[in-house]
Amino acid sequence: MDTVLLIRLAGLAHLVSLTAMFYAPVNLRWDEELASLPRLLRQMCNVYQAYTGVTIAALGLVSLFCAPDLASGIPLARAVCAYIALFWGARLLLQRTYDFAPHLKSVWLRLGYHGLTGLFVVFTSFYGWLALR
């Protein structure tokens, strides 16, 4: 399979992964759980989630629409791919600090959790490879 197509598929996978960001606040009952926090902290949680979501969407859109450029291997393409790999690598490291177990109550939630973790590994590896090749 050619590299440009793989980059586009990875871009699409970025956008699909955003569904988890929309589902998490509902499943984790953020409105109820965060209600006891001071207003500023609630606002910061919402801003951080939105900022992260917009970043993931941007990474996906860049991968979808600039795939030939990312595959070119020019220094800017390598830098963008390195950033994407570092972004997802950091997310993988942070994942180890979360206690998801009490919230993975159904087979579908467990499958989704492990599927997303696998996707983070793929993103880190694939974009890392693009940056270093």
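Quick reminder: no glycine exception, Cβ is built from N, Cα and C everywhere.
Record features (TrEMBL):
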- 6-26: transmembrane segment (TRANSMEM)
- 47-65: transmembrane segment (TRANSMEM)
- 71-90: transmembrane segment (TRANSMEM)
- 111-132: transmembrane segment (TRANSMEM)
- Item | Stretch of maximal Cβ-Cβ contact with the transmembrane segment (47-65) [cut-off: under 8 Å; candidates 6-26, 71-90, 111-132] | 6-26
- Query: Taking residues 6+ outside the transmembrane segment (111-132), which of them lie with a CB under 8 Å of any CB in it?
  - Reply: 3, 6-7, 10, 13-14, 17, 20, 70-71, 77-79, 81-82, 84-85, 88-89, 91-92, 95, 100, 104
- Beyond a gap of at least 6 residues from its ends, the CB atoms lying under 8 Å from the transmembrane segment (71-90) belong to 3-4, 7, 55, 59, 62-63, 120, 123-128, 130-133
